[in-house]
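Now, the feature entries from Swiss-Prot:
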- 1-22: signal peptide (SIGNAL)
- Gln48: pyrrolidone carboxylic acid (MOD_RES)
- Cys49-Cys62: disulfide bond (DISULFID)
- Cys56-Cys67: disulfide bond (DISULFID)
- Cys61-Cys75: disulfide bond (DISULFID)
Amino acid sequence: MKLTCVLIIAVLFLTACQLITADYSRDKQEYRAVRLRDAMRYSRVRRQCADLGEECHTRFCCPGLRCEDLQVPTCLMA
């Protein structure tokens with residue numbers, strides 16, 4: 001009975017340590033340059049919008065346009 005209680009307490013303690021460590025290291029990355037490069041690449045991709053007549057199923061339409069689902073989703077005048 002004592003051994004069972006000790007094992008349960010040990011498992012709970014180790015679980016708590018794992019959760020604390022995981023939460024502490026969540027936003028840390030060893031290679032910051034890689035993270036920065038990836039962030040810059042994805043921000044450029046996000047800023048590119050589809051112009052008038054371009055497909056909009058993978059990108060948003062530029063301001064003043066709306067995505068109209070004809071046969072192929074296309075950016076048209078709003």
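The backbone N, Cα and C atoms fix where each Cβ goes, and this holds for glycine too.
Everything Swiss-Prot records as a feature, shown here on the structure.
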{"residue": "Gln48", "record": "pyrrolidone carboxylic acid", "Cβ contacts under 8 Å, 6 or more apart": "Arg59"}
{"residue": "Cys49", "record": "disulfide bond", "Cβ contacts under 8 Å, 6 or more apart": "Arg59, Phe60, Cys61, Cys62, Pro63"}
{"residue": "Cys56", "record": "disulfide bond", "Cβ contacts under 8 Å, 6 or more apart": "Ala50, Cys67, Pro73, Thr74, Cys75"}
Can you check what DSSP calls Cys56 (disulfide bond), collapsed to helix, strand or coil?
coil
Cys62 (disulfide bond) CB neighbourhood, other CB atoms within 10 A:
14
Neighbour tally for Cys61 (disulfide bond), based on other Cβ positions within 10 Å of its Cβ:
22
Does DSSP give Cys61 (disulfide bond) helix, strand or coil?
strand
What is the Cβ neighbour count of Cys75 (disulfide bond) at a 10 Å cut-off, with all protein chains included?
22
Using DSSP with the three-state reduction, classify the residue listed as 'pyrrolidone carboxylic acid' as helix, strand or coil.
coil
Other CB atoms within 10 A, centred on Cys67 (disulfide bond):
15
